[in-house]
Amino acid sequence: MAHGLVTFSDVAIDFSQEEWACLDSRQRDLYWDVMLENYSNLVSLDLESPYGTKSLPTEKGIYEINLSKWNSNGKSKSLGLDWMCEGEFEGPQGPRESCFNQMIINYEKTPTCRENTSVRPHQRLHTRENSYECKECGKAFSRGYQLTQHQKIHTGEKPYECKECKKAFRWGNQLTQHQKIHTGEKPYECKDCGKAFRWGSSLVIHKRIHTGEKPYECKDCEKAFRRGDELTQHQRFHTGEKDYECKDCGKTFSRVYKLIQHKRIHSGEKPYECKDCGKAFICGSSLVQHKRIHTGEKPYECQECGKAFTRVNYLTQHQKIHTGEKPHECKECGKAFRWGSSLVKHERIHTGEKPYKCTECGKAFNCGYHLTQHERIHTGETPYKCKECGKAFIYGSSLVKHERIHTGEKPYECKECGKAFSHGHQLTQHQKIHTGEKSFECKECGKACNHVNHLREHQRVHTAEKPFEQKEGAEASIQHSFLPQHKENP
């Protein structure tokens, strides 16, 4: 690393006075520990010091910062705090400048950091010393506070509770971040698109969308990511590592939040409830997506055709229509699919697996979506409502088809004659006129028809059924009045 490229201000952590007040003594000790380590690292690498200590000669080459107490008269740029101290830097020529509180930084300007006791935390970067081991799982850490934080995963301890909603957290900084949800505070705004964020780290990650920067690269396949946690998760595909196991069913997960969500399947807990319709969900993201049914919001738009979607994964799936990409192939029959989930569902045709069972009637389905739709028959839920006439439907696809009555849209056009239809199955039936296909055959005489309704009419010849038979009186005239309609609309 070149001399002077990194200063202490580049690695300092920002805290406002209010945020600092939220930290307990252990967290403040942790803060000073980290700041000391960062400063020692810079010194040991002979990088620029914000305190100018390198220009102060001493007999031994050792410099000491003597410290005093804090006040709130200004801001320390080097620490990023809204406080500064009244103490002074004591060099061989007397007081020099303002300094840290309750910290003494000693370092010796020598060629190697290993000869200096003040840079032991830095040495662990080279030696990878992990002297603090968890007795529960064997995981080791280089710092004691890291082990303390980790152990809360096993004990379930969550000492930091939100006064607004009573939600509890393992660490204080998680609570601080969570509280911004209640206040609605989003102080970090993107200059490129105006989008605002609760946390500065979210803004930093977001900016990479505009710059295209992907600083985290996988050494195995060279795939790059915007975020470090995305890389960590990706690397588990190569290693097969799954750290978090469900004690109820043994299923393992690569991320702890996925395990937490999964456990709610066993417990039945659905903490995220829609205020509009009362429907509850296992995870918050599902609630956010559900709310778009009520608001009509479709934030994800296809740049090719302008079609918009409520979920980003729907857009990703849709875009494969334009590219024609079908990377997922069935080993049994060779059929290819755009999406892996479609392949999984398709494979159940071969295996006969139907893992999704209705608790009301026992009917089983090969995919969860079909079960969800089926359950609405029992509950009577019709979440998809037409804005024109107010008619409601069980399925979103039914609403889409219904809306074509109002719009007059007929998106399915016959390439042979140009006739258009509002539904795909109508076009399929119509095309049989051109192809001569007659797929519906009478078992009595072998006559084939191109439409199931035509077959039903024909079968009455064999059964001698006469649904529109002439009768005397008013009843006969009423029944006979339907006969012309039947002939016009076979």
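Please read every residue number as a count from 1 along the shown chain.
Just so it is clear, glycine is given a Cβ too, placed from its N, Cα and C backbone atoms.
It should be emphasised that the depicted structure is a prediction, and the values quoted were computed from it without experimental measurement.
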Matching range for Swiss-Prot feature annotation, zinc finger, among 75-97, 98-120, 328-350: 328-350
List of residues, in chain order, with Cβ under 8 A from that of Lys401 (SUMO2 cross-link) and at least 6 apart: Ser422, His423
Local confidence of the zinc finger (356-378) - pLDDT mean: 88
Same-chain residues near the zinc finger (188-210), Cβ under 8 Å, at least 6 residues beyond its ends: 14, 177, 180-181, 226-227
